[in-house]
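Marked as signal peptide by Swiss-Prot: 1-28. Feature annotation from Swiss-Prot assigns N-linked glycosylation site to Asn86, Asn134, Asn363, Asn443. Residues or ranges marked as disulfide bond by Swiss-Prot on the basis of similarity to another entry: Cys94-Cys121, Cys281-Cys292. Residues annotated as active site, acyl-ester intermediate in Swiss-Prot, with sequence analysis given as evidence: Ser226. Among the features that Swiss-Prot reports, active site, charge relay system is placed at Glu346, His454, with the record citing similarity to another entry.
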Amino acid sequence: MSGMWVHPGRTLIWALWVLAAVIKGPAADAPVRSTRLGWVRGKQTTVLGSTVPVNMFLGIPYAAPPLGPLRFKQPKPALPGNDFRNATSYPKLCFQDLEWLVSYQHVLKVRYPKLEASEDCLYLNIYAPAHADNGSNLPVMVWFPGGAFKMGSASSFDGSALAAYEDVLIVTTQYRLGIFGFFDTGDEHARGNWALLDQVAALTWVRDNIEFFGGDPRSVTIFGESAGAISVSSLILSPIANGLFHKAIMESGVAILPLLMRPPGDERKKDLQVLARICGCHASDSAALLQCLRAKPSEELMDISKKLTFSIPVIDDFFFPDEPVALLTQKAFNSVPSIIGVNNHECAFLLSTEFSEILGGSNRSLALYLVHTFLNIPTQYLHLVADHYFYNKHSPVEIRDSFLDLLGDVLFVVPGVVTARYHRDAGAPVYFYEFQHPPQCLNDTRPAFVKADHSDEIRFVFGGAFLKGDIVMFEGATEEEKLLSRKMMRYWANFARTGDPNGEGVPLWPAYTQSEQYLKLDLSVSVGQKLKEQEVEFWMNTIVP
C-alpha cells in the first residue's frame, strides 16, 4: 500500500478496530481495505461449485448524496470519512416505482433484497476474489443495470460467481432514475443527463480506488443490459468519459435506439409548463422552476414523474456534444474493443406489455396501427412495412409473430448491427452475438411461443445458477444451462482480460469484420453470418435512406 494517501488519525482508528476484531473474534475474518476516502470493512461469501471465497463490499459511496441544492446537478465527489465504514449491507435504491420491481421479480423468477428507496443512492457494490489485494491488478468489470432509466439497482445483481470462477473484480453500480436522473430545463440552469453523469462519477471512483481492492484501473470493462447497455454505448460517445474505461459490452441496447433522445424545442417547453402547473410552482423562468423543484419532497416528484416523461437523455452539448448518429458517423468517439449483442426475441414478452392485446394473435390493421403510433413510422411507409413483414401472413398468430419480430428489429437488432459497423469501421475490435436460449425455469410464466426474451441472457452472464446468497438470479437451471453459463462467463471475462473473448475451453468467436460473422449463443454454440441481413437492409435503405 505504499504511496496510498491516509487521512491523519486513521492509523489510530485502524489499530483500535483491529484490537476490537481480535477481541470479538468473527470480525477478524472480515475483509478490510483502505481507499482514498477511508477504511471499509466487507464480508465474505462463497458460491456453488467453487472453492474460491469472494469478498463483498456493499454500499460504498462513489459521490456525495445528490440532495437539496445538489438535486438536478452534476454529482460531487464523495467526501473522505474519519470513521471505519461497515460495507456489509446493500444500499438503498434510487427512487423508483417499487411495485414494478416486485412485479419484475415475479415475472422473471428472481429475488432481490427488500430495500427502501432514497435520493441518497449513489453507491456501488464490489465483488472480488478473496486473494485480491493492492497490487493484484485483476481485470475490473463495471456493471450498469437496465430498467428503462426508470428502475433498477446495483443490488439486483450478484457478481460473486463471476469473481470466483473467472478471477475478476465485479463492480455493480446504480444511478439516479426518472425525473431525478434526467430532468432538464433546456438551458444552462439544468442540462439534464444526471444519470449518465452519475455513471461517469462511478467510473472516476473506480479509477481512483479500485486498486486497493485488487483491481487494475488500467483494465476496466464497462458492461450493461438494456438501459445499462445504452449507458455503455453513450459513455463510448461522451468525451467526458474518455480514459475511464478500456473495453465495453452492450447487451440489448445502444445509443442510437429509436425514440431514445428527447426532442428539443417546443415539446420540452410544453413539458416544463405542465410540470410547473402540476407541482404548483408557477415559475416564470427555468431558474425559478428549478429552485421550486429542489424544495419539493422526493415522493411528490416521484408521483409527478409518473405523469410526465423525464427518463430519457438529451443532447446537452456536454455529455453528448452532438446526436449519437453524428458522433458515430464522424468517428468522434472512444474507439475501444467491444462486444455487442441481442436476443432472438427481444420484444416477445417482457417489453410487450403495452401490446398485451395482440399476444394471443393479431390482425394486419391493428399491427400497422401500432407500428405507426408506437414507432412513429410515417403513414406513407406503412405499405412498405406491410409488404416486408406481413406479406402472405393471414393467421392472427403469424401476424403477431411478425409484429413482435418487427419491434425487435427496429428497437434492437438494426441499431445493434449498425453500431457494430460504425465501431468496426473506426478500427476497433468488435464481437457480435445473438443469444438464443430461453431459460427453462420460465416455461410456466410466459407463453410457449417466446424464445430468448429481453434480459434472458443476464442470469447466464452472472452465473446465477451458482449463487447462494440473498440475490436469486437463476433457480432451477438445468445442467446444460449451467454449461452455457460457464461458457458465457468465460467469454465475458476473457474479453475483460484481453479485449478478445476467445481462449481455452470455449468455441471460437470470430471478430465482426466485413463478413459480419457472429456467435449464436445457445446450448450448442455456433457461428452465423449477417444477422437478419434483409431486415437491416430494409430499414437502413428503404425506411431510413
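Cβ from N, Cα, C; glycine included.
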Of all the recorded positions given, namely Asn86, Asn134, Ser226, Glu346, Asn363, which is spatially nearest to Cys292 (disulfide bond) at the Cα level?
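Comparing Cα positions, the candidate nearest Cys292 (disulfide bond) turns out to be Ser226.
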Highest CB neighbour count within 10 A among the recorded positions Asn134, Ser226, Asn363, Asn443?
Ser226
Going by Cα-Cα distance, pick out whichever of the glycosylation sites Asn86, Asn134, Asn443 is nearest to Cys94 (disulfide bond).
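Nearest candidate: Asn86.
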Where's the emptiest Cβ shell within 10 Å among the disulfide-bonded residues Cys94, Cys121, Cys281, Cys292?
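Across Cys94, Cys121, Cys281, Cys292, these disulfide-bonded residues, the one with fewest Cβ atoms within 10 Å is Cys292.
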In whole Å, how far is Cys121 (disulfide bond) from Ser226 (active site, acyl-ester intermediate) when you measure between their Cα atoms?
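With distance taken Cα to Cα, Cys121 (disulfide bond) is 21 Å from Ser226 (active site, acyl-ester intermediate).
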Just give me the nearest neighbour of Asn134 (N-linked glycosylation site) among the recorded positions Glu346, Asn443, His454, Cα to Cα.
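So, of the listed recorded positions, the one sitting closest to Asn134 (N-linked glycosylation site) is His454.
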Do you know which of the recorded positions Asn86, Glu346 has the most other C-beta atoms within 10 angstroms of its C-beta?
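Neighbour-count leader: Glu346.
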Which whole-number value in Å describes the distance between the Cα atoms of His454 (active site, charge relay system) and Cys121 (disulfide bond)?
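Roughly 26 Å, rounded to the nearest whole number.
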For the C-alpha pair, I'd like the distance in angstrom between Asn363 (N-linked glycosylation site) and Cys121 (disulfide bond), rounded off.
45
Give the helix, strand or coil assignment DSSP yields for Cys94 (disulfide bond).
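DSSP assigns Cys94 (disulfide bond) to strand.
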How many whole Å apart are the CA atoms of Asn86 (N-linked glycosylation site) and Cys281 (disulfide bond)?
41
Measuring Cα to Cα, tell me the gap between Asn443 (N-linked glycosylation site) and Cys121 (disulfide bond) in whole angstrom.
35
